[in-house]
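In what follows, a structure is listed as structure tokens, so that the remarks can point back to it.
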Amino acid sequence: LGLLECCARCLIGAPFASLVATGLCFFGVALFCGCGHEALTGTEQLIETYFSKNYQDYEYLIDIIHAFQYVIYGTASFFFLYGALLLAEGFYTTGAVRQIFGDYRTTICGKGLSATVTGGPKGRGARGPQRAHSLQRVCQCLGKWLGHPDKFVGITYVLTIIWLLVFACSAVPVYIYFNTWTTCQSIANPSKTSASIGTLCADARMYGVLPWNAFPGKVCGSNLLSICKTSEFQMTFHLFIAAFVGAAATLVSLLTFMIAATYNFAVLKLMGRGTKF
């Protein structure tokens, strides 16, 4: 076979839904974790500079921010690994489904992938069997997991529910910063509001960011407008928006993974292949 024909046959068995979902998952997680980490750092600097003069007032907040940043590291690592595993499962089950419907033929590419997943033949020579043994055990373990799409459906469903909560939480800082930005717009255009400029404030205490005894806790009037014009505020605001978009992209990718895995599992089950193949 020529190179183009071989590539074309390999693409026939490619799970395009899983490929798109994997790319979307990697993009969303990277955007959410990277921008979220920097946005939390910017929020910490804004609180320290403008909203509290006493370190004890925001000491607990800093601990929470640092904890969230460590959680972000773990989240990024987990989703990159799980996304790659879901992509492998997509290749594995999609090939079996298309083989059932007769529109997929095993190629050299497919045989190589199957050999990799199932462990393949053992190596030859004096040192060959020892090298293949440990790799074969890992591949066989992976093959057992890839042969059970129902497990991926359940795990992905739970992750989707958890990520819904993450998506909702990522909207909270966007809401807070948007309210602050809207207040600054009212201060900059006093003709569009009937309230006095001095009464237009941004109070970090009312959102639970700082305790009620924090001083000053809020910034009003022209002082608030000067904060909104700083690069720190603008950058942090846009980073939270980007993190929110990343969370939405990750949620869409998880839903796509779940739909694709559910379809493959249903076809294999209805066609009498069971959950093992």
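From the backbone N, Cα and C atoms, a Cβ is placed for every residue, glycine too.
Listed in TrEMBL for this protein:
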{"type": "TRANSMEM", "residues": "12-32", "note": "transmembrane segment"}
{"type": "TRANSMEM", "residues": "67-88", "note": "transmembrane segment"}
{"type": "TRANSMEM", "residues": "152-178", "note": "transmembrane segment"}
{"type": "TRANSMEM", "residues": "239-266", "note": "transmembrane segment"}
So, taking each listed stretch (67-88, 152-178, 239-266) in turn and counting its Cβ pairs to the transmembrane segment (12-32) that are under 8 angstroms, which one gives the highest count?
239-266
Which sequence positions outside the transmembrane segment (67-88), separated from its termini by at least 6 residues, show Cβ-Cβ distances below 8 Å to it?
15, 18-19, 21-22, 25-26, 29-30, 33, 36-37, 40-41, 117, 142, 145-146, 152, 156, 159, 250, 253, 257, 261
